[in-house]
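A.B. asks: According to TrEMBL:
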- 12-28: transmembrane segment (TRANSMEM)
- 57-77: transmembrane segment (TRANSMEM)
- 108-131: transmembrane segment (TRANSMEM)
- 160-180: transmembrane segment (TRANSMEM)
- 201-224: transmembrane segment (TRANSMEM)
- 263-281: transmembrane segment (TRANSMEM)
- 316-333: transmembrane segment (TRANSMEM)
- 337-440: domain 'FAD-binding FR-type' (DOMAIN)
- 556-583: transmembrane segment (TRANSMEM)
- 598-619: transmembrane segment (TRANSMEM)
Amino acid sequence: MDSRFVRATIRHLLTVIFLGICMMWIMAPTNTYKQKWKPSISKTVDSTYFGTQAPNMLIWTFPVLFVASLGSLYLHLGKNSNQNASQSNEKKHRQALWRKPVLVKGPLGIVSGIELALLIMFIALLVWSLVTYLRRLHTITPKAAAKEGVKVWEMKLFDVALWIGLTGNVCLAFLFYPVARGSSVLPLLGLTSEGSIKYHIWLGHMTMVLFTIHGICYIIDWAVTGNISEVRRVGVTGPDPFVNYLWGAFNIDAMLKWSHSDISNVAGEIALLGGLGLWAATFPQIRRKTFELFFYAHHLYIIFVFFFILHVGIGYTFIMLPGFYLFIVDRYLRFLQSRTSVRLLSARLLPCNVVELNFAKTHGLTYNPTSIMFVNVPSISKLQWHPFTVSSNSNMEPDKLSVIIKSEGSWSTKLYQMLSSPIERLDVSIEGPYGPQSNHFLRHDTIVMVSGGSGITPFISIIRELIFRSKISQCKTPDMILIAVFKSSLDLTMLDLLLPMTGSPSELSNLKLHIEAYVTKENEPTTDNSKRVRSILFKPLPTDKPMAPILGPNSWFWLAAIISSSFIMFLILIGIITGFYIYPRDHNKNEFSASTKAVLNVLAICVSIAATASAAVFWNKRQYSREATQVQNIEGQTPLGSQNLRAYNGDRELESLPHQSLAQATKVHYGGRPDLKRMLFESRGESVGVLVCGPKKLRHDVAAICSSGLADNLHFESISFSW
């Protein structure tokens, strides 16, 4: 069967399912209230197989996981196709209009037209949900309140707190999709993991605001109602009336309630405290100054999610489970990949405190330009993982992968200092790489790349990709303009990284590349012969393995198999647990602990994912272990490419200009900043892709120019982890 027909069929199925899921979310406020969320609602009867969670499991979890599996197959079938070439100019122009920045400066950062539209639609969904819930307030009458022994406003406050929590769950349902790096959901939408971080930030803030209000409202309600009911109960006649009064005033009984079969208040409070601790460390003032605090505090998501499940019960958890399920799959695969110590071959140390690490890799590991990789150096920190742009090209360098690290924080500074001293080997683990599914920048006639400092690193991979394509006669490469802003002449040595360590100057001859380099804090070139570009050869251990795809070359196919098979395995396990353990002990009397039921479901999910993912990884590891052995044998015959390193002149003296091979394409300006507005408006071509990476102000300035409407051919794209 033609793969194009299969992909078209899958695409139509995904569209239909997506529209169905959207309709379910729109109708959710009218249906959710009928579920078991209040202790006053009558108990439902368990079935003998899946229990009361079966409807939510079928309605909420199955469609999303089915989309993720189909999407993985869709990406597997189309991984070698070039969709950009088949798009019409009209379609490209229409997409470009939606991607043009409409908000540049503000709390949301740089926001495109389509992002703003989707954000407004999502907020409208939250408002619709909350308003639909609040319309039920008129059903609370003085008679109903008197029956509960409270006032009308107190009963309304209780229900408002409940409905705000239900609205917060809508945000929580989408929270984990942007951080599932290896999931198929983001590539299906044309997104990358680093570009989706801001969506995770938006959703995280909205989730915690709603849940915090939810908790505060309940505490106020408990304090008010407890002051009446508890004082009446104890009569303030105990040995210490003041203690009795405080106990009643704050209704400790309600706050410490861990219900056997209903909502567990203590679990909700623990989840909220964990979420607040995580949330406090995410604000820019803390995250930028103490990244370690932000990094470690973010692991509180485990406490938050686990106690959230215990708080609401497993039935309602299935509404937010799909995103978290895909995140668990991705997180476990990353864990398995990070257990291997990768084969680090060499490093280049630049005098501008920049280091390039070069790893061995198998031919089966391919990636596109601007991909990123997470690096861990246990000798610095066993827990910290930092993202860096992959600078190498899988076509030009099939046996090697490189990343560039600028010494800016404490972790990267320690790494540079460690490599500056005599060292024979460095133990390194990696996760990734992750990147776009297509070389989307090839659709432009001209590419203008604007970088600030170490922001040049993603553009190195683009330039190397175009160097490779320029060698192919039938490939037309776009014109390239690199505008690189540096602080000092030392930073100009970063331009040497545009060519791989074993590259030759002739590789730039067919490339239409023009470099405008600006040194802002120096008025004239300076030379410091005491500093040199150093190259280091490492001696890896036999146990160090070349980098390889965790699921092999057909990773999307295997990911679809893991998602589908793990969910089927979960259904079988939970069916066995319910039919042979829960139901015999419960007999439809709703006496089985809701918390125990939730824990059993969580364990079944984790076991299913761990078993299927481990089997897939083990199978693929057997397939590419032979190739890894061949790579090691080749390295043994030519000691880690040492001849090529010496040919590069690893200990050459620092020059005030880039290497000779780039000097003809480079123009260096001292003591000033580029006139970005003039340079961008003078860029020729029907479609000019403007890519920017660097400090926040630089990105905002370029976005403002592209969104001004004075030039319709400028198409903006930001490459950054921050917003």
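Cβ from N, Cα, C; glycine included.
If you look at the structure here, what lies around each of the features I listed?
C.D. replies: Note on the transmembrane segment (160-180): residues 25, 28-29, 32-33, 37-38, 122, 125-126, 129-130, 133-134, 137, 186, 191, 193, 196-197, 199-200, 203-204, 206-207, 210-211, 213-214, 217-218, 221, 308, 312, 316, 319-320, 322-324, 326-327, 329-330 of its chain, located 6 or more positions outside it, place their CB under 8 angstroms from a CB of the stretch.
For the transmembrane segment (201-224), the list of distant contacts is 108, 119, 126, 154, 157-158, 160-162, 164-165, 167-168, 171-172, 174-175, 178, 249-251, 254-255, 265, 268-269, 272, 275-276, 279, 282, 723: same-chain residues at least six beyond its ends, Cβ to Cβ under 8 Å.
Packing against the transmembrane segment (598-619) from elsewhere in the chain are residues 53, 306, 309-310, 313-314, 317, 325, 328-329, 332-333, 336, 550-551, 558, 561-562, 565-567, 569-570, 573-574, 577, 581-582: each is 6 or more residues past its ends and has a CB under 8 Å from a CB in it.
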A.B. asks: Summarise the domain 'FAD-binding FR-type' (337-440) by DSSP state, stating how many residues are helix, strand and coil.
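C.D. replies: Tallying H, G and I as helix, E and B as strand, the rest coil: 14 helix, 39 strand, 51 coil.
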A.B. asks: Taking the transmembrane segment (556-583) as reference, which of 57-77, 263-281, 316-333 has the most Cβ pairs under 8 angstroms?
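C.D. replies: Answer is 57-77, with the largest number of Cβ pairs below 8 Å.
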